[in-house]
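*Asks:* So TrEMBL lists the following for this protein:
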REGION    58-79  region 'Disordered'
DOMAIN    80-140  domain 'TRAM'
BINDING   Q389, F420, E441, D489  S-adenosyl-L-methionine binding site
ACT_SITE  C516  active site, nucleophile
Amino acid sequence: MAATATFTLRSLPSNQWLHKLRTRTAAASRHSHSFTTLASLSPVEDTEDIQLNVNSNENVQATVPSTSNNNNDKSKKPYFPKRGQTLELVCESLAFKGKGVCKVADTGFVLMCDRALPGERFIGRVTRKRENYAEVKKLKTITRHLDYVEAPCEHASHCGGCKTQNLSYEAQLRAKEQQVRDLVVHVGKFSYREPVFADAMKPIVRCDIQFHYRNKMEFSFGPKGWVPAEQLQDDTEGSRYALGLHAPGCFDKILNVNKCLLQSDSGNEVLEAVQGCWRDPELGLSPYDVHSHSGFLKHLMLRTGRNVVTGLPELMVNFVTSSYNPECLRPIVEKIAAIPEVVSIVNNVNTSIGNTSVGEKEYTLYGKSTITEILRGLTFQISANSFFQTNTHQAEILYKLIEDCAFLKGDGSEIVLDLFCGTGTIGLTLAKRVKHVYGFEVVAQAVSDARQNAMLNCIDNATFIEGDLNKIDLNFASNLPKPDIVITDPNRPGMHIKLIKFLLKLKATRIVYVSCNPATCARDLNYLCYGVPEQNIEGHYRLSSLQPVDMFPHTPHIECVCLLELR
C-alpha cells in the first residue's frame with residue numbers, strides 16, 4: 001500500500017535558530033526506486049534530529065514480516081519490531097552515510113542497516129528502536145546485492161572506513177548522486193519540476209584513483225585488539241595489543257590493521273615496520289588505555305606529500321604520546337628512518353585524557369618539521385596538524401570546479417571573501433587572478449599556515465584573519481571592501497544563521513558554496529534562495545549549479561560545489 005514519508009527537522013537546544021522544515025513526498029517513482037526519499041534520514045546529526053513519520057489514510061498493518069502481497073487480511077495489527085527480534089529483509093536503497101534502507105514486507109515500516117546494500121537479502125537483528133524506524137545489525141547474507149564485487153581489502157567487512165568497497169564503483173556513484181538530489185529536494189525544498197533546478201543539478205564527478213588516494217591516515221594504539229565474532233578463534237585472539245582503526249561506533253576498541261588500501265604504499269611500509277616492532281617487550285612501550293588513562297602510545301599519523309624539486313613522495317610520521325620520552329621511541333624512529341620516503345618524524349605530546357591527536361607540544365625526532373605538497377601550481381607546507389585536502393589528486397579537480405564557478409574576470413579587479421578558509425588553499429589558488437583575497441578561519445594554527453603558504457608562493461594580495469564565523473556580530477567585515485565573490489567551505493554543521501543573514505545582507509554577486517555534508521548544504525541553499533519566513537528573512541539568490549564530487553571512493557562521504565547567483 002502507498003505511504004507518504006514525512007521528514008521533520010527538529011531543533012536541538014544548542015541550535016535554537018533552526019526551524020522545522022517539513023516536506024511530503026509520494027511513493028518512490030520507478031526513476032528513483034533504488035534510492036528512496038530516505039536519503040535524507042539522519043543527514044545532519046551535528047545540528048539537527050531528523051525523524052521519519054510514515055503516514056497513510058489507512059493504518060499500516062502487519063503482524064509479522066511476510067513476503068505476501070495480501071493486504072486484505074483485516075486481522076493484521078500495526079507492526080512495531082521488538083529489540084532483539086530477527087527478521088529477513090531486503091535492502092531497497094542507500095541512505096545518507098551509507099546505511100541500507102529496508103522495509104518490513106506488507107507494512108512499509110522502515111529499518112536502517114549498516115553495510116546492507118541495494119538488492120541484498122539478509123537476516124538482521126533489531127538493535128535499536130527509534131520513534132518511527134528501527135536500526136538493524138546484519139547477521140547473515142542470503143542473497144548478495146545487485147552490484148556485488150569482491151572487496152580487495154581483508155578488513156572491508158569490519159573496518160569503519162570503506163563501507164561500500166564491495167559495491168561496484170559505478171553503483172557507488174549512482175547512489176551518491178541520487179542522495180544529493182534527494183536531499184536538495186526534501187531538505188532544500190527545491191523541485192524537480194523547476195527547469196532551473198533541473199539545469200543546475202550536474203552529474204557527479206568520479207574519482208579516477210579509487211585506492212591509495214588518501215594523503216593522511218591516523219591509526220590508534222589500544223591495549224586490547226577487537227576481533228569480529230566470526231573471526232574469534234580463541235580467548236586470546238583479541239587480547240593482545242593493537243594498532244589500527246576504531247571498530248565502527250566504538251571509541252575504545254581497535255581493529256588491528258597491517259595494511260590500508262586507502263593510503264600510499266610508503267605509508268603501508270611504515271605501518272608494517274611499526275607493527276613489526278612496537279610490541280617487543282624489550283622496548284617497554286605500552287598503548288594508551290582510554291579507560292584507565294594510562295599508557296604511552298596514543299596514535300600513529302602518516303602524511304604523504306611531494307618533493308617540490310623531484311616530485312617524489314615524501315612521508316611524515318607523527319607519534320602522538322601521553323608524555324615526552326624520545327628514548328623510548330628511538331628504536332622505532334631508527335627503523336622507519338631507513339625507509340627512503342620518510343623525511344620527517346615528529347612527536348606530538350598530548351597529556352590530556354581526550355582522544356585527540358593534536359598535541360600541546362611538538363618535537364622533531366628526525367628530519368624536517370614539515371613536508372610539502374603541490375596543488376594547482378602552488379607549493380604548500382604541511383605540518384603534523386595542518387589541515388590539507390586529504391585527496392590531493394581529486395582536490396585539483398575540486399579546486400578547478402570552484403574556480404570555474406567563480407567566473408573570474410582575470411583582470412585583477414575582483415575582491416574574494418574566503419570563509420572557513422583553513423590553511424588558505426582555495427583562496428591562494430585564486431589570488432593571482434583577483435585584486436585581493438580575504439580569508440577567515442577560527443583555528444589559529446591554520447591561519448598561521450595560510451600566511452606562511454602565501455609568503456612561500458610570493459602572494460602578497462591575500463589577508464588571513466582569525467575569527468569564529470559562528471559568533472559574528474553586526475560589525476563583521478565592515479572594515480573590508482565589499483567582495484564580488486564569496487567562497488564558503490563550512491564544516492559538517494554548515495553555516496550559522498548569523499552568517500546566512502550576513503551573506504543575504506551583503507548581496508555579493510556570486511557565492512560558491514563548497515560542502516562536505518549535502519544535508520546541511522541543502523538547508524543553507526534553501527535559506528539563501530528562499531529565505532527564512534519564520535524570521536522574516538528574504539532570500540536573494542538562485543541556484544545556478546550544483547556539482548557533486550566524489551572525493552572519497554568506497555566511503556559514504558560526498559563533496560558538493562554549488563554556485564549561487566544574485567537575483
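Glycine is no exception: its Cβ is also placed from the backbone N, Cα and C atoms.
Unlike curated records, TrEMBL annotations are generated automatically.
Keep in mind it's a predicted model, so treat the numbers as computed, not measured.
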*Asks:* Can you list, in sequence order, the residues of the same chain other than Q389, F420, E441, D489 whose CB lies within 8 Å of the CB centroid of the S-adenosyl-L-methionine site?
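*Replies:* In sequence order, the nearby non-listed residues are F387, D418, C421, G422, T423, T425, I426, P490, V514.
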*Asks:* Per DSSP, how many helix, strand and coil residues does the domain 'TRAM' (80-140) have?
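*Replies:* Once the DSSP states are binned, the domain 'TRAM' (80-140) shows 3 helix, 36 strand, 22 coil.
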*Asks:* Given a separation of at least six residues and a C-beta threshold under 8 Å, show me what packs close to D489 (S-adenosyl-L-methionine binding site) in the same chain.
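*Replies:* L419, F420, C421, G422, I426, V514, S515 - these are the non-local Cβ neighbours of D489 (S-adenosyl-L-methionine binding site), listed in sequence order.
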*Asks:* Among the binding-site residues Q389, F420, E441, which residue has the largest number of other Cβ atoms within 10 Å of its own Cβ?
*Replies:* E441
*Asks:* What whole-number Å value do you get for the CA-CA distance of C516 (active site, nucleophile) and Q389 (S-adenosyl-L-methionine binding site)?
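*Replies:* With distance taken Cα to Cα, Q389 (S-adenosyl-L-methionine binding site) is 12 Å from C516 (active site, nucleophile).
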*Asks:* Test of understanding: give the count of other CB atoms lying within 10 angstroms of the CB of the residue listed as 'active site, nucleophile'.
*Replies:* 17
*Asks:* Across the record's S-adenosyl-L-methionine-binding residues Q389, F420, E441, D489, the largest CA-CA distance in angstrom?
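*Replies:* Among the residues the record ties to S-adenosyl-L-methionine, max Cα distance equals 16 Å.
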